[in-house]
Amino acid sequence: MKIAIAQLNPIIGDIENNAQNICKAAEIAVQGEAQLLLTPELSLCGYPPKDLLLNASFVEMLWAELEKLAKTIPNNLTVLVGTVIENPNAYNEGKKPLFNSIVLIENQTIKQIFHKRLLPTYDVFDEDRYFEPGKESNFFQLSSNIPNTKPLKIGVTICEDLWNDEEFWGKRNYENNPIQDLVKYGVDLVVNLSASPYSVGKQKIREAMLKHSAERYQVPIIYTNQVGGNDDLIFDGNSFAVSRKGEISLRAKGYQTAIEVIEYDQNNEDLKTSYIANSIETEEEEIWSSLVLGLKDYATKCGFSKAILGLSGGIDSSLVAAIAVEALGKENVLGILMPSPYSSSHSISDGEALVNNLGINSHTLAIGDVMKAYDLLLEPLFKNTEFGVAEENLQSRIRGNLLMAIANKFGHLLLSTGNKSEMAVGYCTLYGDMNGGLAVISDVPKTRVFSLCKWLNRHQEVIPHNIIVKPPSAELKPDQLDQDSLPAYDILDAILDRLIHRHQSVKEITAAGFDYDTICKIVKLVNRAEFKRKQAPPGLKVSDRAFGTGWRMPIASRRKLD
Ligand SMILES: Nc1ncnc2c1ncn2[C@@H]1O[C@H](COP(=O)(O)OP(=O)(O)OC[C@H]2O[C@@H]([n+]3cccc(C(=O)O)c3)[C@H](O)[C@@H]2O)[C@@H](O)[C@H]1O
Ligand SMILES: Nc1ncnc2c1ncn2[C@@H]1O[C@H](COP(=O)(O)OP(=O)(O)OP(=O)(O)O)[C@@H](O)[C@H]1O
Ligand SMILES: NC(=O)CC[C@H](N)C(=O)O
């Protein structure tokens, strides 16, 4: 029996468009002789729909579209569609109003509904806010069109439902374990319909986890993931299937829509090996592919075809420009060079070399005269004060203003270029270089910015060599270097990693051998910079803990060092 996997890229809320894409996938599935088509979690509305779900009319529209969609599915195909279902007992029993569900369409009718049981409510996930957990696991039977074969019993799970293999994790994440229940019913196959966002190394975890579960429960698993960028989240696709023996029997290409077909062999009671895309070898390639997809989808889903950014000749803006070229095409990226009297000569020549390498359009706007006009206007207020950070930051604010003016004039998307290390310690200017619609590398630490640029240059020079080897500088005053204000980036990033990703205390980081005073300085900077991060543009998430929807910190707080 052949089963098709549709790795779809829905637009959140664009129910009709998403339904059409499911319809197209159904046609392809039938051409591939599949009897069953799997689509991702919430494939009809896109994941995560967030507070759109609080509108009763949105939920009604979803149901109406689902009924319409059912009528268009060929009779010889069964389809699993992800959507939300109203909870009839919500009002009387004080329960959540909706279920996160999978609907089974067969013979053009809605035959069966499965509810998600394990609702992730951590990091970027907020499913408890909307959904009631399903009480039980369930399966459906699918008759094969091959004569003399018994129908297949297929267990249905939704994303997080399979993230509770306590043997794999070394602990129980939830009380229930849906796959265990399904195996008790004697299912032949488990399908998992997911919307699992990317973070570095996550595909390795998904594959290891499901290989473990398949072997442990002696049941093959087909995992179908959403693909595409939705605001800060990037869904990498990478759908795959694991045989009963715990071997990969299919892997779709990541970072693009795909429809793949896999066969369940009823004699062997296992999946046959099908197309297996190579898994990406380096973390740099993974992160690069994710950022390109994230930027491309953010721009196109928000209606932008062109992007603009300030080019300083530094490594951050250079990397963002290269990502933008890959995502939108070189003709759609505009770089603005804005030298000030403090800019070094190499910042201009390096910026120009980058423009040449990338083949993008650029303009130079020298900001010296504007700086003088600001100084003159502020003179009555600033007289008898020392020249300081406020004056330095004016350059950044002038640049931010000019960039936003051009973006506004021509309908471009302004890309901000701050990296995660800067965002962590507040080494960036509000309403200055933080201006922008999308923060492309705000979840990429500075040390990773360097390794990404080196990786990008592996075949030919994309980022001019000098940009990679020169010491980073904000160039807001003469001879300024980042390292005058911050610890060396390898130390800063190592401490930030422990603090942010591993939730370590000052004591623990000190015990790991880092300098106590440096750690305390960094912790204080991170805490103080919360007000900046709250006002930063949405940033593409590539780590397991980004300064985005999953980062919820108080601003006006007074936390003691631990
Ligand atoms: N809790 C809070 N809630 C709301 N607002 C708060 C606040 N605390 C301070 N503020 C406000 O924010 C101001 C401080 O923030 P802000 O004005 O951004 O500026 P600030 O953090 O003082 O300075 C920016 C720093 O970033 C560095 N830097 C590095 C790399 C590039 C760039 C660049 O611009 O290209 C800059 C620059 O050298 C300087 O050290 C305060 O003066 C106050 O007005
Ligand atoms: N001279 C400039 N011309 C155009 N844009 C600039 C200029 N200086 C700064 N910017 C903008 O402000 C951002 C922040 O500047 P900053 O110097 O921190 O970063 P960078 O130059 O990209 O990288 P690095 O931190 O390695 O210097 C830049 O990425 C760029 O978008
Ligand atoms: N949509 C979900 O249930 C996602 C949760 C899951 N653990 C993941 O990130 O893959």
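Yeah, the Cβs are placed from backbone N, Cα and C, and that goes for glycine too.
According to TrEMBL, the protein carries these features:
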- 1-266: domain 'CN hydrolase' (DOMAIN)
- Glu41: active site, proton acceptor (ACT_SITE)
- Lys116: active site, for glutaminase activity (ACT_SITE)
- Tyr122, Ser196, Lys202: L-glutamine binding site (BINDING)
- Cys159: active site, nucleophile (ACT_SITE)
- Gly310, Leu311, Ser312, Gly313, Gly314, Ile315, Asp316, Ser317, Thr417: ATP binding site (BINDING)
- Asn393, Glu422, Lys532: deamido-NAD(+) binding site (BINDING)
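Annotated features taken from TrEMBL, shown on the structure.
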residue: Glu41; record: active site, proton acceptor; Cβ contacts under 8 Å, 6 or more apart: Tyr47, Gly82, Asn100, Ile102, Lys116, Ile158, Cys159, Leu193, Ser194, Ala195, Gln226
residue: Ser196; record: L-glutamine binding site; Cβ contacts under 8 Å, 6 or more apart: Cys159, Lys202, Arg206, Asn225, Gln226, Phe235
residue: Gly310; record: ATP binding site; Cβ contacts under 8 Å, 6 or more apart: Ser317, Gly335, Ile336, Leu337, Met338, Arg399, Leu403, Thr417, Asp433
residue: Ser312; record: ATP binding site; Cβ contacts under 8 Å, 6 or more apart: Leu337, Met338, Ser343, Ser347, Gly351, Glu475
residue: Gly314; record: ATP binding site; Cβ contacts under 8 Å, 6 or more apart: Ser347, Asp350, Ile467, Pro472, Ser473, Glu475
residue: Asn393; record: deamido-NAD(+) binding site; Cβ contacts under 8 Å, 6 or more apart: Thr429, Gly432, Leu476
residue: Lys532; record: deamido-NAD(+) binding site; Cβ contacts under 8 Å, 6 or more apart: Met423, Gly426, Cys428, Leu430, Met434
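Among the recorded positions listed (Glu41, Asn393, Thr417), Asn393 have a CB atom closer than 6 Å to some atom of ligand 1, in sequence order. Within 10 Å of the Cβ of Glu422 (deamido-NAD(+) binding site) there are 26 other Cβ atoms, across all protein chains.
Under the DSSP three-state reduction, Gly310 (ATP binding site) is assigned to strand. Within the set of binding-site residues Gly310, Ser312, Gly314, Asp316, Asn393, Gly310, Ser312, Gly314, Asp316 have a CB atom less than 6 Å from some atom of ligand 2.
Put simply, Glu422 (deamido-NAD(+) binding site) is 25 Å from Tyr122 (L-glutamine binding site) when counted between their Cα atoms. Note on the domain 'CN hydrolase' (1-266): mean pLDDT across this stretch is 97. In three-state terms derived from DSSP, Lys202 (L-glutamine binding site) belongs to a helical segment. In this structure, Cys159, Ser196 are the recorded positions from Tyr122, Cys159, Ser196 whose C-beta falls under 6 Å of some atom of ligand 3.
Across the fold, the C-alpha of Glu422 (deamido-NAD(+) binding site) and the C-alpha of Asp316 (ATP binding site) stand 11 Å from each other. The recorded positions in question are Lys116, Lys202, and the one with the fewest Cβ neighbours inside 10 Å is Lys202.
Counting other Cβ atoms within 10 Å of each Cβ, the lowest count among the recorded positions Tyr122, Cys159, Asp316 belongs to Tyr122.
Residues Tyr122, Ser196, Lys202 are the ones the record ties to L-glutamine, and the longest Cα gap between any two of them is 16 Å.
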